[in-house]
Structure formats: structure tokens, C-alpha cells
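S.K.: Handing you a structure now.
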Amino acid sequence: MKCAVDIESRDVEEMYINIDPIQAGGRLTVDAMKAAISFADGYSVCDNCRSPFRLDYIQKPPIAQFHADLAAWLNMDTARVVPGARRGFQAVASTYVEKGDPVIVTSLAHYTEFVAVEEAGGIPLEVPKDEKNHITPDAAAEKIEAVILEFSKTPPLLFIDHVDYQFGNVHDVAAITKVAHQYDIPVLVNGAYSVGIMPVDGKALGADFVVGSGHKSMAAPAPSGVLATTNEHAERVFRTTQAKGDVTGRTFGIKEVEMMGCTLMGVTVVGMMASFPHVKERVKHWDTEVAHSQAVVDALLSIEGTKVLSDYPRQHTLTRIDTRESFDKVAQQHKKRGFFLSSDLKKRGITGVIPGSTRVWKFNTFGLTEKQIRHVGESFVEIARENGLNIV
């Protein structure tokens, strides 16, 4: 079925159990879908925009209150909605990083952190991960010391992923921010895989900035996200424009420079708002989500030769798995080669594993029911057994 000329309707979530690593937390709630239809027109939320003419002041729909609620929920002082987590990184880097500045990221950082630093003219420098694929406070301290020695200046910013995208490991952010603050380095916590998925307390983490992704982890349309900060940094990162036209003398009120005035002017912000009550509730059930993740991982580990590369026992729903000694051995002899796995999963109503992947790959079980979790685990085992792999 087509939803428009040459555009096929998407039915992934309706027809399959989706374990795609980046899509699980962004499934819209029913309320968000209804809001998306109602506010689909471009500048739809601007119907009742009145002086001082800025998104976070709009009362109807209650966008102003939503901003306050976001900040309180994250235990931060101020928040803004942004077009994806990457725009949060960009806003902070643009504010704090000057040309030639060394900026601390990690060897597990998302590429958008590098790009944000690069765009600001900074030089991204990585804290190495340890043998367990973790970023440690000691490694952060060593890197900071080395950077100060090399550049004769203190880095203006440190990025740390709360949960990294490569392994889905939860890092000791509070300890790392404590180290950074000993050098007076502000810390941006990338919560793209945690905000909206699991409980996040920005001040308990010691964060100067918490960035979340609406479309990755808050059941919101893309592109959407949140940038939250403390009173110490709000005035600087959310500074208002001082520009003035030299011919017209025009000024632009309280438009914020890093937000380019306003950010999410329609379906994205209202979708976030509509899902927010559900998102606040679902993070309270994080233990159940982790148990579900563990159940699928254990099913995979029952297949001889399979290894989990993420932390074990699991502490998150995003997992990196190594099946080079199991499913990939089948792929070498199978007529479909590596595509047999995604094909066999699809026959069982499961999607999200990249077609052709039988070596090292990721999946995400977030949001699945107990019954769906059981089906996913059993399906992996059945496929293994049907293809001659041993179950231990």
C-alpha cells in the first residue's frame, strides 16, 4: 500500500517485533500519533504565539509548561527542546569551544559529538576505553592531564556518554564528572540512550548539561531532543541575540542564538509532549526492561559459540553480540549466505537485525512484552537448531 505517489506505507511496527538497535525507544505512543495528525501542518504550534514570541513561552498548547516539566524531570534547572541530540551537542560546543581548543570525548563517543566539536573549531581527543569497554574515571584523569600538558590549556568541555551506542554499557558518569570538575571542566552527558529509557538524574550525575534524543528514546517524532542545564550555564548557552541591523536598526527580542530563535515548531514538539506522560511512567519499570534484555541474551548464549560483547549480566536493553562462531559459520555454507538470519527471523515476525549480519551485530529489546521477549529468544534458538548449531 502506498501512502503517496511512490512512497510505500511503513508497517514495520504493526507487522513485526522490531529489535532495531536505534528504533526501539522512538516508537510513537498512540497519543503521539494522534497529536502528530492534529499538528502535522508546518508552524502548527504558532497559532497562539504571543509576545515575547518564543517557543518556550507558548501557553497553548502548553509548551512553556512542558519545558519546565522536562527540566524538573531530569533534575536540572532549565531545558530547551532541540532538533535531535546532535543539536544539543552543537549548541554547547558552539558556546564553549574556540578555534584550536582541545575537547575531551571518548573512544565510545558518537560521531555527532566529534562533528559538533569540529564545527566549533575544536580538536576532539579521546579517552580510551578499558578492556571491559568502559570509560573509567582514572582514564579520564590521565587524558585530561595529557591534554593540558600538550596544549598548555584546560579543555573547555568534556563529553561522556551515559550509555554508549557501541556496546550499550552504562558508564560511571558521576565519577567521571567529579574528575572533570576538579579541573573546572564542564561536562556534557550524552543521554541519547538513557533519557526516556531509564531513570536519569542530571544533578546526581554531576552533569552540567544533559542531552536526550526524542526520536531515539522519548517516543517522539524526528528530529527531536532535549538540552537541559543548570543555572550556572543557562545564561551563557541560552544567551539571547544582540544583533542589530545596520540599515534598519532592527533587533530581535529574546530569540536565543544557539536555538536559532525557535526549534521545534510543530509535530515534533507536540509529539514529544503527548508521549511525555508515558515516558515518565515507563522509566519506572527499567528493571523489567533489563530483565527482558537478559532473557534474550541468555537465549543467544545458549547457542554454542555465541558471545556477548556488552556487559554481562546486562544493564541495558541495547546489546552487542558476537555470532562469528555460531550463525556466521552457518552463513558460510548457506545458500542465502549471511542473509539467512534476518530472513528466518522475518518469517517468525521479527525484524531489526541488519540483513546480512551474522558476525557482530546489535539489537534492542526495549518496549517488548513478556510474550514478545519469549518469542524472540525462542526464535533465535530455533533458527540455530534448524541450522545444525548446538544448544548448550
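Every residue gets a Cβ built from N, Cα and C, even glycine.
What you see is a predicted model, and the numbers here were worked out from it, not measured in a lab.
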S.K.: Which one of ASN75, ASN190, ASN231 goes with ALA85, ARG86, SER213, GLY214, HIS215 at the pyridoxal 5'-phosphate site, as Swiss-Prot has it?
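M.R.: Among the candidates, Swiss-Prot records only ASN190 at this pyridoxal 5'-phosphate site.
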S.K.: Going along the chain, which residues six or more apart from ARG86 (pyridoxal 5'-phosphate binding site) have their CB under 8 A from its CB?
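M.R.: Listed in sequence order, they are THR112, VAL115, ALA116, GLY225.
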S.K.: Rounded to a whole angstrom, what is the C-alpha distance between ALA85 (pyridoxal 5'-phosphate binding site) and LYS216 (N6-(pyridoxal phosphate)lysine)?
M.R.: 9
S.K.: Taking the Cβ of HIS215 (pyridoxal 5'-phosphate binding site) as the centre, how many other Cβ atoms fall within a 10 Å radius?
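M.R.: Summing over all protein chains shown, HIS215 (pyridoxal 5'-phosphate binding site) has 24 other Cβ atoms within 10 Å.
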S.K.: For LYS216 (N6-(pyridoxal phosphate)lysine), what is the secondary structure by DSSP, using just helix, strand and coil?
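M.R.: DSSP call for LYS216 (N6-(pyridoxal phosphate)lysine): helix.
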S.K.: In which DSSP state, out of helix, strand and coil, do we find ALA85 (pyridoxal 5'-phosphate binding site)?
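M.R.: For ALA85 (pyridoxal 5'-phosphate binding site) - judged by DSSP and reduced to three states - the answer is helix.
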S.K.: Tell me, how many other CB atoms lie within 10 A of the CB of ASN190 (pyridoxal 5'-phosphate binding site), whichever protein chain they belong to?
M.R.: 32
